[in-house]
Amino acid sequence: MIERTPIFNAVTYAIMLGGLLVVLLPVWMAFTAATQTVEAVNRIPFSFALGDELLTNLGAAWQRGDFGTKLANSFILATGVTLGKVMIAALSAFSIVYFNYRLRTIFFWVIFVTLMLPLEVRIVPTYAIAANALAPLQAILDVTGISALIAVLSGVQVSLQWNLLNSYVGLILPLVATATGTFLYRQFFMTVPDELAEAAKMDGAGAFRFFVEILMPLSRTNMLALATIMFVYAWNQYLWPLLVTTDRGTYGTAIIALKQMVPNPYGGLPDWNVAMAAALIVMLPPVVVVALMQRWFVRGLIATEK
Amino acid sequence: MEKRAVFRAGSLAYLLILPQLLLVFVFFYWPTGAALYWAFTLEMPWGGGNQWVGLENFSAVLNDAKYWSSVAASCVFAFAATALALAQALVLALFVDRQLRGSKSFRSFYVWPYAVAAPAVSLAFRFIFAPETGLVAFVNQWWPGLWNPSINGAQAMTLVVLCFAWKWIGYNFIFLLAALQSIPRALTEASAMDGAGPLRRMLDIQLPLLTPTFFFLLVINLTESFVGADSFGIVDILTEGGPANATNLLVYKIYSDGFKGLDYSGAAAQSIILMLLVMVLTFIQFRWVERRVHYK
């Protein structure tokens with residue numbers, strides 16, 4: 001369709017440029033500040049001229065935030081959540097879609113409901129669970145009288161204890177326990193033609209073989225999308241790592257290290273240049289991942305939420 | 001909906017779904033149940049166990065003026081942030097969808113706030129809008145004390161809202177653009193032939209067809225701003241709920257009551273109230289998603 005609308009086109013470009021300014025400004029300003037000296041960054045009005053202190057500031061931020069350890073932890077967290085999600089969600093969606101058993105609808109809803117309540121809302125009890133992940137089992141044993149039975153029979157008092165605080169498992173598992181991925185796979189499995197499974201069955205392939213050799217290769221695009229979404233989600237987690245890691249030196253993630261980067265207002269010139277360098281370090285990895293995976297991730301994001 | 005060619009259900013089916021069910025049970029259902037239990041009981045001091053107190057925790061929360069000021073702050077925040085985030089994304093999506101030369105390169109920039117961590121962008125906003133340095137500090141030079149979000153509650157709220165709205169441009173943009181692109185070209189071409197210019201087509205064709213997506217995003221944005229992770233991170237880095245509780249959002253208050261005040265029962269009661277709110281919002285969303293117009 002060809003239209004001549006020169007004025008409206010100019011308006012369009014103006015608005016798109018305005019949008020670009022809004023979207024770029026915080027990041028561009030962080031970058032500019034990260035290249036300047038402490039004196040330059042505190043000058044009023046703020047100057048957008050680039051300084052040559054970028055490496056110094058990055059180095060200072062790296063050291064103050066201990067980003068060597070923190071970034072490694074963030075990577076462990078993000079990859080752990082991504083891998084766990086991509087695998088567990090595929091398995092459970094496969095079970096729900098391709099097997100016919102009475103509980104499947106119930107299981108489906110049991111998993112589905114978890115979409116409704118984000119971690120932030122049930123943060124206090126989830127923290128209590130992380131302090132002892134075996135508490136539910138203990139309670140079940142107590143209520144059913146099994147632990148009393150064991151105490152009578154063997155004289156051993158059952159007290160199960162599995163502390164997840166300050167561990168990678170504690171960081172990762174609660175973030176895997178949601179339904180997002182299961183849904184993405186389910187929606188996709190529903191669109192796979194039934195004839196494929198029939199043909200596989202006729203050729204003598206079992207359920208597991210069909211899953212590994214036919215269904216998984218077909219879902220490659222969905223897996224990439226889910227992996228991107230989960231990586232960004234896990235990397236950007238703030239509240240949960242803040243609570244679970246009391247031993248920040250060993251298990252702290254890069255995101256929670258940002259808080260201590262806020263300059264102290266009473267300690268001379270605030271060194272925002274170092275703080276901005278830290279912000280850049282932390283925001284880079286997920287931005288790179290999204291930029292590389294943009295095509296798949298946009299499709300996947302839209303499929304998960306609808 | 002049902003698949004025709006299903007495999008025979010054996011123990012394998014249960015084995016496959018077991019990991020997910022275990023995780024969901026331990027980290028979702030059990031904590032949610034614990035929250036309910038705590039909300040209706042009070043922990044006795046010196047390990048005396050929990051005593052059933054009925055609705056007392058709720059009435060304590062609901063009779064607390066601080067709670068209501070937090071509710072008010074949350075509402076202001078949620079509606080302002082949602083409105084701003086959606087409005088920006090809507091305008092950008094409508095104009096990018098005109099597909100002029102170069103639109104594609106603009107598009108990839110508009111997506112990226114989605115990937116940026118909320119605490120990181122909050123740190124940048126804290127610098128940009130700091131009263132003594134940064135971009136806005138010059139107003140304090142010709143009118144000292146005009147801008148200071150660490151003292152002025154309304155300004156602190158503005159700052160928090162701006163930060164959330166920035167962060168959510170990307171997400172909203174992705175969905176709105178996808179919805180715009182699924183509008184059949186025949187529709188726009190037909191109205192162009194009838195003499196409608198691009199602006200008229202936006203208002204009369206594209207906007208009405210966007211309503212389902214728009215309502216979907218409205219609910220998602222509201223839920224996220226009430227209970228989402230980003231709200232917590234933004235408040236914690238930018239204001240810590242201050243000044244004078246002006247930005248003490250509900251999701252932040254649960255954290256500070258529960259972990260700093262160690263009032264588990266009070267925090268649990270607040271959690272239950274928020275859960276109800278999210279359920280209502282989700283219910284509304286389902287009504288809308290069900291009624292979604294399919295224009296494929």
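Just so it is clear, glycine is given a Cβ too, placed from its N, Cα and C backbone atoms.
Annotations in TrEMBL come from automatic prediction, not curation.
When the ranges A:140-162, A:209-231 are checked against TrEMBL, the one recorded as transmembrane segment is A:140-162.
Take the transmembrane segment (A:74-100) and the stretches A:7-31, A:168-189, A:272-293: counting Cβ pairs under 8 Å, A:168-189 has the most.
The list of residues near the transmembrane segment (A:140-162) in space but at least 6 beyond its ends in sequence, with Cβ under 8 angstroms from a Cβ of it, reads 132-134.
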